[in-house]
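J.: Below are the features listed in TrEMBL for this protein:
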type     : residues     : note
DOMAIN   : 9-140        : domain 'RNase III'
BINDING  : 54, 126, 129 : Mg(2+) binding site
ACT_SITE : 58           : active site
ACT_SITE : 129          : active site
DOMAIN   : 167-236      : domain 'DRBM'
């Protein structure tokens, strides 16, 4: 590392509140975007970009979130998968990165930096996952788990409660208005279980036809699951794409 790079890494370690055990060499690698590595000023230095660390960090994050959901929420496999996908999505990881101030420390080429790379969701989310890998390699699983949960717990809770979700309800409304000029209706079919673990079943209907049924521990979650099923069914029946991401 150059002196300037070393100073940036030391500052990042302090301001990102990383465990003392994190190796600065790994932190530097986690912060190196490929544009910086292949920049004309650095090409002869044979630096490593954060792509390999990002690959590992993605797996580490998935394990941490899966374990946390399994141990703390009585969710079905489908609900855990959906919540995990939301929590580990590019948009959420980029938001966490910005909240931590990670964007200030990413090493980019001058060209990428001028083009707004420091605020690109893909660059931020990749750096976040690379950072998780750096902590994992340096300090072990328990340390990285603690760091991830500390910085992402509110997103986990919101995902489980249905407050962050890919907006299938809006998508379904757009589809039904375009094709039929009508709006879908959400009907609560049942609410069972004790008050602290109530489980809801919701149907989404168009006229009298049920297009989808969803279940969850919040009505919002159940409605979104029902809307997703309905979107896929509606698109399939009208000859469109039969999968909604």
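Note: Cβ is positioned from N, Cα and C throughout, glycine not excepted.
Have a look at these and tell me how they're positioned relative to everything else.
T.: For the domain 'RNase III' (9-140), the number of residues in each DSSP class (helix H, G, I; strand E, B; coil) is 97 helix, 2 strand, 33 coil.
For residue 126 (Mg(2+) binding site), the same-chain residues lying six or more positions away in sequence with a CB closer than 8 A to its CB are 33, 50, 51, 54.
Within the same chain, the residues at least 6 positions away from residue 58 (active site) whose Cβ sits under 8 Å from its Cβ are 88, 129, listed in sequence order.
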J.: Hey, which of the binding-site residues 54, 129 is the loneliest by Cβ count within 10 Å?
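T.: Comparing Cβ neighbour counts within 10 Å for the binding-site residues 54, 129 gives 54.
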J.: Inside 8 A of the center formed by the CB atoms of 54, 126, 129, which other residues of the chain have their CB, for the recorded Mg(2+) site?
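T.: The surrounding set, listed in chain order, is 50, 51, 53, 55, 57, 58, 125, 127, 128, 130, 133.
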J.: Over the span of the domain 'RNase III' (9-140), how high is the average pLDDT in this prediction?
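T.: Taking every residue in the domain 'RNase III' (9-140) and averaging pLDDT yields 93.
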J.: Tally of helix, strand and coil residues over the domain 'DRBM' (167-236) according to DSSP?
T.: 34 helix, 24 strand, 12 coil
